[in-house]
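So Swiss-Prot lists the following for this protein:
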{"type": "DISULFID", "residues": "Cys53-Cys90", "note": "disulfide bond"}
{"type": "DISULFID", "residues": "Cys57-Cys63", "note": "disulfide bond"}
{"type": "DISULFID", "residues": "Cys60-Cys92", "note": "disulfide bond"}
{"type": "SIGNAL", "residues": "1-35", "note": "signal peptide"}
Amino acid sequence: MDSSRKYKRCGFGAALFVANIFFSLLSLHCISGAHGHQQRMKESVMGSEPPVCATKCRNCKPCLPYLFDIRGAHDDDDDSEPYYPVKWICRCRDRVFEP
């Protein structure tokens with residue numbers, strides 16, 4: 001009779017152990033999924049911040065980021081268009097450099 005109690009306690013402990021491992025793995029999966037979501041969000045806004053231009057203009061100073069509007073490159077120059085292409089460049093005096 002004592003041995004059956006021992007096995008029941010052992011079975012209960014094993015079940016708790018398995019449940020603990022299951023929930024630990026589940027929480028790790030959720031955390032890594034959240035990190036992946038943050039990474040995708042970061043990638044989706046890439047390019048919206050000005051570049052660091054300090055070393056991009058060779059020896060020319062001051063080298064500053066400039067948002068270049070390339071609307072004129074397209075045939076329809078309609079100002080009512082909600083989207084028009086822009087590009088960040090580094091500019092120093094009258095020279096332009098790629099960031």
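These residue numbers are counts, starting from 1, taken along the chain as shown.
Placement of Cβ uses the backbone N, Cα and C atoms for every residue, glycine included.
So that I understand the layout, could you describe where these features sit and how close they are to other parts?
Of all the Cβ atoms in the protein chains shown, 19 others lie within 10 Å of the Cβ of Cys53 (disulfide bond).
Contacts of Cys63 (disulfide bond) defined by a Cβ separation under 8 A and a same-chain sequence distance of 6+ are given as Cys53, Ala54, Thr55, Lys56, Cys57, Cys90, Arg91, Cys92, Phe97, in order along the sequence. Secondary structure at Cys63 (disulfide bond), as computed by DSSP, is coil.
Under the DSSP three-state reduction, Cys92 (disulfide bond) is assigned to strand.
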I'd like the number of other C-beta atoms within 10 A of the C-beta of Cys57 (disulfide bond), please.
19
With the cut-off set at 10 Å between Cβ atoms, which of these disulfide-bonded residues ends up with the most neighbours? Options: Cys60, Cys90, Cys92.
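In terms of Cβ crowding, the pick is Cys90.
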